[in-house]
Amino acid sequence: MAHQKREATSDNGGGDEEWASKRPKVVGAAAEKEHILTSDASHETNGDEAQGGDASRKENTVSTNPCVSDEKAATNSNVSSGHGVILTSVEADAAEDKGCRHTMEDAWVLLPDASMESPGNLRCAHFAIYDGHGGRLAAEYAQKHLHQNVIAAGLPRELMDVKAAKKAIIEGFRRTDECLLQESTKGNWQDGATAVCVWVLGQTVVVANAGDAKAVLARSTSADGEGAVDDAKSQLKAIVLTREHKAIFPQERARIQKAGGSVGPNGRLQGRIEVSRALGDRQFKKVGLIATPDVHSFEVTRKDHFIILGCDGLWGVFGPGDAVEFVQNQLKETSSATLAVRRLVKEAVRERRCKDNCTAVLIVFKH
C-alpha cells in the first residue's frame with residue numbers, strides 16, 4: 001500500500017492566518033499503514049522576513065482530526081492528582097519557523113492514531129519534536145523510526161502497564177540511536193537531535209525527553225478542575241514534565257567525566273556541545289553523550305487541559321508559565337489548537353525575536 005498523501009485543511013479567517021497561508025502537503029512517511037502527520041523538509045516558504053533580519057522564514061502547521069476513544073483504563077500516576085475522568089479525545093497541531101537560520105533542522109510528528117500495525121483496545125496517540133543540530137538528518141531519522149521502534153519494543157496495546165511502557169520507550173530510544181549511528185557512519189555525517197515525545201495510552205500520558213527540548217502541562221488550580229480551558233475564570237498553572245540534559249549540570253557532568261569525557265570552561269561537552277543527551281552525534285558517544293531519555297507518566301484528570309512541546313528555541317523566549325498563559329488566551333479567543341500553536345510560534349519569532357529554529361506542538365485534552 002502506498003504512503004498516503006493528503007492535503008491539509010485550513011481554518012483561515014484572515015489576520016494571523018495570512019502569515020502561514022501556504023499549507024503543506026501531509027505525507028505518511030514512517031510505515032505503509034501508518035496515518036502520520038509530520039514536518040516535511042520540502043514545505044514552501046512564504047517569503048516573510050523578520051523585522052530587522054535578512055533571513056526568510058517559514059511556518060507550517062497541519063491540522064489533525066481529534067482522536068476519539070471511550071477508554072476506561074485507569075493507571076497509576078506519579079505526577080497527577082485530583083479526580084479521575086474519562087478522556088474522550090485529543091486534539092493536536094504543530095507549527096514551525098526557521099527563525100533567522102538559513103535552514104530548518106527540527107522535525108515533528110503528529111500521530112493521533114499511533115497503533116500502526118499493532119491495533120489494540122488501548123487508545124494510542126503519539127506526538128514528538130526532534131530538534132536537530134549539525135543538520136537535519138538525525139531529526140528526520142528519529143521522526144521516521146523512533147515510534148516504530150517503541151511499538152516493536154512492546155508498548156502496551158491492550159491493558160496499560162506503566163512499567164512496560166517506560167521500558168519499551170527506553171528500548172525504542174536505544175534501538176533508534178543504535179541504527180542512527182550505523183546510518184551516520186555509512187553516510188559519513190555527524191548530525192544529532194534532541195527529543196521530546198508524548199504517548200497518550202488510554203488515560204495515561206507518558207513523556208520522554210533527551211536533551212533540552214521541553215514538555216509543559218497546563219493544569220487547573222481550581223479544587224474540582226471543572227473550569228474549561230477557555231473559561232475566563234479558569235486559572236492554569238504550568239508544570240514542566242521534562243528535565244533538561246546539559247553538560248554543565250552537576251549530575252550530567254559527573255556522568256560524562258566517569259565515561260572519560262570532559263566539560264570545558266564554557267560548560268560544553270568536550271568544549272563543543274551543550275547538551276549531554278541526544279540521538280546521533282556519533283563523535284561524542286564515546287565521551288559521555290548518551291541517548292537514554294528520562295521517562296515520566298501521569299494519569300489525565302479533568303484538571304489537565306493541554307501540553308505544549310517545544311524545542312529550545314521556543315523556551316529561550318517563553319517561560320513555562322508565560323507559554324501556558326499565552327496559549328490559554330488564544331484558546332479562549334479561538335477554541336482552535338491550530339490557531340493557538342500557530343500564534344505561539346509567531347509570537348516567539350516575530351515579537352520575541354527567537355533567533356533559532358522554533359517548533360511547537362500543542363496537545364489539547366477533551367474531557
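From the backbone N, Cα and C atoms, a Cβ is placed for every residue, glycine too.
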_Given that Swiss-Prot assigns ASP131, ASP312 to the Mn(2+) 2 site, pick the one from ASP93, ASP97, ASP356 that the record assigns to that site as well._
ASP356
*Other than ASP131, ASP312, ASP356, which residues of the same chain sit close to Mn(2+) 2? List them in sequence order, counting a residue when its Cβ is within 8 Å of the Cβ centroid of the site.*
ASP106, HIS133, THR194, ASP212, ALA213, CYS311, GLY313, LEU314, TRP315, GLY316, ASN357, CYS358, THR359
*Across the domain 'PPM-type phosphatase' (91-365), what is the average pLDDT of the model, as a whole number?*
94
*C-alpha of ASP356 (Mn(2+) 2 binding site) to C-alpha of GLY132 (Mn(2+) 1 binding site): distance in Å?*
11
*Entry from the binding-site residues list ASP131, ASP312, ASP356 having the most other CB atoms no farther than 10 A*: ASP131
*asked:* According to DSSP, collapsed to three classes, what secondary structure does ASP356 (Mn(2+) 2 binding site) have?
replied: coil
